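Student: One structure follows; several queries about it will come next.
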Amino acid sequence: MAARTDNSIVVNAPFELVWDVTNDIEAWPELFSEYAEAEILRQDGDGFDFRLKTRPDANGRVWEWVSHRVPDKGSRTVRAHRVETGPFAYMNLHWTYRAVAGGTEMRWVQEFDMKPGAPFDNAHMTAHLNTTTRANMERIKKIIEDRHREGQRTPASVLPTELHAQQLLLLAASGRLARIVHVLTELRIADLLADGPRHVAELAKETDTHELSLYRVLRSAASVGVFAEGPVRTFSATPLSDGLRTGNPDGVLPLVKYNNMELTRRPYDEIMHSVRTGEPAFRRVFGSSFFEHLEANPEAGEFFERFMAHWSRRLVLDGLADQGMERFSRIADLGGGDGWFLAQILRRHPHATGLLMDLPRVAASAGPVLEEAKVADRVTVLPGDFFTDPVPTGYDAYLFKGVLHNWSDERAVTVLRRVREAIGDDDARLLIFDQVMAPENEWDHAKLLDIDMLVLFGGRERVLAEWRQLLLEADFDIVNTPSHTWTTLECRPV
């Protein structure tokens, strides 16, 4: 069965600049981290052939191939395909550009099928292409936005302008936009538009809503690229709205719902309390900590665990479960939720066994997950609290996935020291799957999540230097070079 990837990013720059930079083939070695050479071979009426040559891969191998590319600036589209397909039965690419709030949206779709006997199947290649595409998009975005800023650095650019006012207005109104997206998510509009454009009257009938009111909400969402308005009040899907479809593994549907729950929304009314005191506003609003509230409210707790499981799946798709785990035979996942992440590691490495430790309410949900992955016979499930119960000994890898950012430095050091005591003199590794914040002035979702940590949990996101200091206090040293956003910090005891 054929495979497909679909990724997009918004570049804060005008279309002309985005188009010119991304379609300058001979400059691609600067844009794309994996390309060493790009050469245009021949040009015809509708396009051109060009050759790409990669930098050496992890095994020292260099790859090259010829593709045909047809750019159409008028329609803001590019179509391309590989002429020399290599391990692919075929590879087709479609790029589109669209003006949206905040700049130019650049969308890349790749459709392909692997040849029988190729070293990777469609699923592995899909995961690889998604990872490299997202990384390259972020790289290209930064290059173009840096060039755009350089071009704008005139005395006039520092004066208040209509553009600056509109951007600030959009930020100030973002709370309204979040509620609009949530309402459209609850109505499953993205699912209803999955098969093509529809009139608002049809959508209102299917969702049991007031037609004019639904139109006004959809019109507002379309103004920022979430759905697109067509003639006579029809609406269609967009790359942004596709992220709201049910079952989309690359979507953000659970995040939208999570951000609009009472337990995440109400504490933001008291954010000033957190800013003035450094304490989480959650306790001021609900009278307990976030996790105490989940224990007392099982329905909210179950949703939170489902939400965390969704992000576990995203991390596996992004390759974090493949970070050299073949080295380890006994793996302890501390705070591992329902065990899905650990199960994917064990499925990939049948020689290994695992331990899953989490609070009793959470650990109780692991059985079906481990059974479905066919690894239940290789996992010990240990209900417990790693702050108060003994951390198991005798493992050669200890994992924390999305756990330590929930806690203050003081609390995080406490649990890290308990892991260090459990390791003792063993030759074990601590693997932290978490976020490393990008440098100052760069967009990074972790910088928004850091405010969640402040307001809801009393935890924090960290830059690399802060991670190093935190781990040093617990007698660990980082031995790899972590990237930004979600990444792996591999630590050895010292």
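Cβ coordinates come from backbone N, Cα and C, glycine included.
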Student: Going by the S-adenosyl-L-methionine site in Swiss-Prot, where Gly384, Asp385, Phe386 are listed, which of the candidates Asp358, Asp409, Asp425 is also part of it?
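Tutor: The one candidate that Swiss-Prot places in that S-adenosyl-L-methionine site: Asp358.
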Student: What average pLDDT is reported by the model for the region 'Polyketide cyclase' (11-140)?
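Tutor: A mean pLDDT of 90 is what the predicted model shows over the region 'Polyketide cyclase' (11-140).
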Student: Applying a 10 Å Cβ distance cut-off over all chains shown, what neighbour count does Ser67 (active site, proton acceptor) have?
Tutor: 20
Student: Would you mind sorting out which of Arg82, Asp358, Asp385, Phe386, His405 (the recorded positions) have a C-alpha within 10 A of the one on Ser67 (active site, proton acceptor)?
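Tutor: If one measures from the Cα of Ser67 (active site, proton acceptor), the recorded positions that come within 10 Å are Arg82.
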Student: Whose Cβ, among the binding-site residues Asp358, Gly384, Phe386, has more other Cβ atoms within 10 Å than any of the rest?
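Tutor: That would be Asp358, with the highest Cβ count within 10 Å.
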Student: Cα of Arg82 (active site, proton donor) to Cα of Asp385 (S-adenosyl-L-methionine binding site): how many Å, rounded?
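Tutor: Arg82 (active site, proton donor) and Asp385 (S-adenosyl-L-methionine binding site) have their Cα atoms 53 Å apart.
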Student: Quick one: Cα separation, Gly384 (S-adenosyl-L-methionine binding site) versus His405 (active site, proton acceptor), in Å?
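Tutor: If we compare the Cα positions of Gly384 (S-adenosyl-L-methionine binding site) and His405 (active site, proton acceptor), the gap is 19 Å.
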